[in-house]
Amino acid sequence: MPVLEGHWGSDLRMRDSRLGVCPEEPPGSPEWGPLRTPPVTCGGLSLTLELPALIRQLRAAWRARRGGPCAKEKKRGNTWVEAGKEAEEGKQDDENSRAHLEAKTRLYVGHADGLLGKRRGSYPPIDLRILKTSSLQSGDVESSTRRKMKHLLSFHRYTHTSRLLRGLAPRDSGSLHFLDDDYRGQAAHMLSRVGTWDFDIFVFDRLTNGNSLGTLMCHLFNIYDLIHHFQLDVVKLHRFFGTVQKDYHSQNPYHNAIHAADVTQAMFCYLKEPKLADQLTPLDVFLGLVAAAAHDVDHPGVNQPFLIKTRHHLASLYQNASVLESHHWRSAVGMLRESGLLSHLPAEITRRIEQQLGSLILATDICRQNEFLLTFREHLDNQDLDLREPSHRHFILQIALKCADVCNPCREWDLSRQWGERVCEEFHQQGELEKKFDLEVSPQCDRQLDSVPAIQSGFISCIAEPLFDEWNRFTHPSPLSQTMLEHLHKNKARWSCLLKLPPEEQTFSCAERPEAQKRDGKNIP
């Protein structure tokens, strides 16, 4: 290794001393010169050594007393070794130390350079030495370190994968491939069909290793060129998407990041509707996609009545009105500010974006369903919707987000059924929690009384069907709306079919029981 001189050499020695390497200056280095100490004694010890050798011995004695990682084994006594012998050992130590330092430096710099090509902005490179550290004694500290490393690895895998999904080749031939070629190819193929209604978000989530929401949002922002239009910082954008996805709770059967990704994909399909697409501004698209992604962020897995009767602090904070939706909105605004995604925009525009984002998310409150439905129906009856007006476009975005939020019954049966079972499981878990604490069980939350087919049949009849009938009127003629209504009616019939079976057999679909499809001489679809 070449001799390190000047400012950089000093910095490197300081850094390596912190890393556990103990570099020692060679006796003849230019920094020290031929200085020698006079023959003096201290405490009966002869100090007839060159200054560098003396400093080395002082270091060694100090480390031996502290038991440091670089301390050398020395005999205890009142005398030091002779100067000549120490000088020879010092030279040997210098050579070993420099070789060790060179190897360490090469590992550190080489590894950092390899990762800098795969990370974005100021995210720190991963130091593999942390993974190999064996000095951790506390299980809590070790598990915490592993969690941090897993998060960093996930981020690098995600950014690397997102580049590939956007058709960007790796920056260097030696890059690490965290996902094999088959999975990357399948995920990219799915993204090429992201605007189709039969998009399977469960498969996509597996192909992206649980990063369906962030990957989908990055892809959609690129489709609409929102990054260039709003001059967004890519690092801040990834930070925002990552925070949103992380703040969904995976233990929730239904209200999790996969649901948010599903709603976002549906919202994208609605934004493409011919009657709407030509009138939307980039700001409308930005608001629609971000609201869809964050509309249920940090959902606790229980509904508003549960929060109210347990006197949860969120119920008190929002005065028992749109409690969850208000919390989702405030959480989304907090993440926007934390990421600094919009910090480059004028304060007035940022405030307007935050308010309109809240207006969209608050519209998903199921308690306000009739309010929005009646207003929507009134506009359609009067034929007075003018999408050139910002207020009318915003209202349609509210309706579109409401439709995307409850579009599960409009999916193909296999997908619709999975979502139906998931949301009912979340209801039933809440009911079990209410029983555990001697609370009144909320409607549709009793596992013994409220079956999945019963809940789904009621939901389709009371909520989904009236809303999508009006949406079909607005988008007519729309092949997508027609497809959704067809799936809705078929799924409603299937749930009704299951409802007529004994409770223990309601887990089987009508398609799996041909004899159950015929009722009154008719074939149930």
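Using N, Cα and C of the backbone, Cβ positions are placed for all residues, glycine too.
The annotation region 'Disordered' is assigned in TrEMBL to 69-96.
The compositional bias 'Basic and acidic residues' annotation in TrEMBL covers 83-96.
Residues annotated as domain 'PDEase' in TrEMBL: 179-502. Across all of the domain 'PDEase' (179-502), the predicted model scores a mean pLDDT of 94.
Annotation for Ala257 (AMP binding site): spatial neighbours Gly210, Ser212, Leu213, Gln245, Tyr248, Ser250, criterion Cβ-Cβ under 8 Å with sequence separation of six or more. Look at TrEMBL and you will find His255, Asn256, Ala257, Ile258, His259, Asp296, Asp405, Gln456 tagged as AMP binding site.
Cβ neighbours of His255 (AMP binding site) (same chain, under 8 Å, six or more residues apart in sequence): Tyr248, His249, Asp296, His299, Gly301, Glu426. The active site, proton donor annotation in TrEMBL covers His255.
Counting every protein chain shown, 25 other Cβ atoms lie within 10 Å of the Cβ of Asp296 (AMP binding site). Look at TrEMBL and you will find His259, His295, Asp296, Asp405 tagged as Zn(2+) 1 binding site.
What TrEMBL records for Asp296 is Zn(2+) 2 binding site.
The sparsest Cβ neighbourhood within 10 Å, among the listed binding-site residues (Asn256, Gln456), is found at Asn256. Per-site Cβ counts within 10 Å over the binding-site residues His259, His295 peak at His295. Highlighted in sequence order, His255, Ala260, Val263, Ala292, His299, Thr364 have their Cβ within 8 Å of the centre of the Cβ atoms of His259, His295, Asp296, Asp405, the residues recorded for Zn(2+) 1, and are not part of that set.
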